[in-house]
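**Q** The following feature annotations were taken from TrEMBL:
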type	residues	note
TRANSMEM	B:12-38	transmembrane segment
DOMAIN	B:68-256	domain 'ABC transmembrane type-1'
TRANSMEM	B:74-96	transmembrane segment
TRANSMEM	B:103-130	transmembrane segment
TRANSMEM	B:136-155	transmembrane segment
TRANSMEM	B:184-202	transmembrane segment
TRANSMEM	B:208-228	transmembrane segment
TRANSMEM	B:240-259	transmembrane segment
Amino acid sequence: MTDPVTPLTPGTAQPPADDPADGLAASAAPGTARTRPGRASSSGARRVHRPAGQGARSSVLPGTLFLLALVGAPLVIVVAYSFMSRGMFGVGVAGPFSVDSYVRLLFDTQLDGSKIFDPRYIGVFWQSIWLAALTTVCCAVLAFPMAVWMATRSPRTRALLVFAVTIPFWTNTLVRTYAWVLILNDNGPVSGLLGTPIGLLYTPFATAVGLVYVSLPFMILPVYSSAEKFDFRLAEAAYDLGARRLTILRRVVYPAVRPGLVAGVVLVFIPSLGAFLQPQLLGGGKSLMIGNLIEQQFGASRNWPLGSAVAVALLVLTLLTLMGFALAGRRGGQKVSLM
Amino acid sequence: MNRTRRVDLRRFPAFATVSVLLLVFLYLPLLVVVVYAFNTGRIATIWEGFSLHWFGDVVANADIRNATLTSLQVAAVATVCSVVLAIGIALGLAALRRTARGAVMLVAGAPLVLPEIVLAVATLAMFAFLDVPLGMTTVTLAHIAFCVPFALLPIRARLADMDQRVFEAAADLGASPWRVFRRVTLPLLAPGIVAGALMAFIVSLDDFLITFFVAGPGTTTLPIYIYGMLRVGITPAVNALSTLILLVSLLVLAAAYFAGRKRG
């Protein structure tokens with residue numbers, strides 16, 4: 001730290017995305033307005049009212065149109081597919097508008113045409129929400145102390161620690177998930193240490209361990225980037241004023257890192273909710289999650305409309321989660337940004 | 001400052017323990033994979049002695065070589081295209097009005113926020129709807145799409161850190177917009193572009209799920225190949241291949257880290 005008086009040093013890792021651009025626009029707009037009369041006499045005046053050098057507005061077009069075509073349009077199509085019926089021979093989709101796929105998520109049709117409640121699909125949703133929530137809580141509980149500890153190291157150590165947390169995040173997800181197959185299986189090191197196989201692999205527990213493992217950096221990094229901006233002399237001040245350690249954590253440190261926690265919760269919960277690899281490789285058949293259900297419908301079961309309906313349901317859950325956390329962020333009085 | 005830090009240290013003693021344990025938790029599984037890669041035995045999970053022959057098997061395997069080439073080819077094209085699109089978005093964003101900027105950020109951020117499985121089946125559904133045969137092209141297009149936000153992050157961050165007046169200065173001195181872009185914007189943006197390209201490249205190499213859905217039978221990337229191996233059963237060859245992949249990721253990241261430090 002070169003200047004201990006400066007309370008907030010902007011994180012080097014990633015500044016909250018909206019703020020810089022907003023601040024930039026806010027400062028540029030009046031600035032240009034003020035200077036324009038003066039500059040009108042100089043050369044190049046015609047170009048200046050566009051934020052200089054930033055390029056034309058139209059330069060966003062290729063990227064935006066491409067993403068609309070490859071992300072926007074597919075979403076529209078999957079929503080449309082969810083309101084259709086299975087195609088001939090189980091290939092693709094066909095036919096008129098129908099809500100059968102959504103009804104199927106809740107009810108099973110008997111041979112006589114009557115519908116009875118079928119808890120299987122809802123059960124998968126419940127299992128997914130529960131596992132994703134468990135993963136998120138575990139990550140938050142583990143990441144909070146680590147992020148605070150990292151933020152209290154020297155700048156050099158901090159950089160190294162951030163790098164150390166980032167490495168697993170950038171190594172292959174499939175390999176990292178597979179590592180737990182190796183560790184937890186009945187011939188693996190855990191069973192070896194215990195002396196007897198205890199059937200850890202292919203359980204919801206194994207899925208949860210895998211999810212926590214791949215998600216942890218997504219929690220540590222945003223919490224750390226909040227903690228790093230926290231002036232720890234405030235904790236010192238609270239201590240000097242007689243606050244206990246727990247009170248300091250709860251009343252001083254926690255509010256400061258809350259935006260990072262909220263961002264981390266979103267970054268962990270949403271991918272966990274739609275996880276595929278971890279339940280597939282670690283959970284076996286026992287902890288089917290929404291992602292596996294979708295894959296089955298698009299794969300072996302060849303029921304694209306039902307798969308689409310499940311995907312739309314997952315999408316709705318995702319959006320609800322995002323909205324919930326946006327509200328939580330706003331109530332905290334601090335803007336939470338993911339990008 | 002230092003004294004304050006030392007007091008903080010004593011304040012939350014359990015935090016250091018948790019942190020060290022978490023670091024072990026993050027690295028131990030990777031270490032286990034690497035150690036087992038040197039196992040002699042045919043059964044991947046029972047240690048029988050030190051051997052390098054699984055690495056030989058991996059290197060000699062033509063399917064693995066092809067899958068590696070496919071992965072690299074997809075990642076290279078996806079990186080170049082996504083970086084170009086991301087530069088366009090980053091530069092244009094500042095010129096947009098607030099609502100338009102929000103809309104573009106929503107579109108550009110969507111692949112990052114959407115569950116990957118939804119994006120995967122939706123992309124598959126669209127290619128099926130348009131009757132596009134699945135293969136290299138569909139994989140590459142899908143990869144470009146989800147790489148854009150990763151490329152955009154560091155480029156935007158870099159742009160926000162830059163002194164906006166240099167552009168004005170260049171324009172005032174009579175440089176054409178294209179000349180400003182080539183001679184001022186690009187060189188100053190270079191570290192962000194390199195970081196964005198690196199992110200896009202790694203994210204593309206890493207992808208399993210989207211590729212799994214839009215690849216079709218003929219196109220096998222490395223993660224798809226490994227997934228296929230895992231379905232057959234755990235073999236030491238998987239460990240050796242995984243170790244090689246880990247090694248490559250580490251080398252790339254280390255290079256990026258030191259390049260970043262030198263640049264400051």
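Heads up, the Cβ atoms here are built off N, Cα and C, so glycines get one too.
So that I understand the layout, could you describe where these features sit and how close they are to other parts?
**A** Outside the transmembrane segment (B:12-38), and at least 6 residues removed from its termini, the chain residues within Cβ reach (under 8 Å) are 44-45, 47, 50-52, 54-55, 236, 239-240, 242-243, 246.
Through the fold, the transmembrane segment (B:103-130) approaches residues 86, 89, 92-93, 96, 138, 142, 145-146, 148-150, 152, 209-210, 212-214 of its own chain, all at least 6 residues removed from its boundaries and within a Cβ separation under 8 Å.
With a threshold of 8 Å between CB atoms, the same-chain residues lying at least 6 positions outside the transmembrane segment (B:208-228) that come near it are 63-64, 66-68, 70-71, 74, 116-117, 119-121, 123-124, 127, 133-136, 138-139, 142-143, 146, 238, 241-242, 245.
Counting residues 6+ beyond its ends, the transmembrane segment (B:240-259) has Cβ neighbours under 8 Å at 30, 33-34, 37, 54-55, 57-58, 64, 194-195, 198, 201-202, 222, 226, 229 in the same chain.
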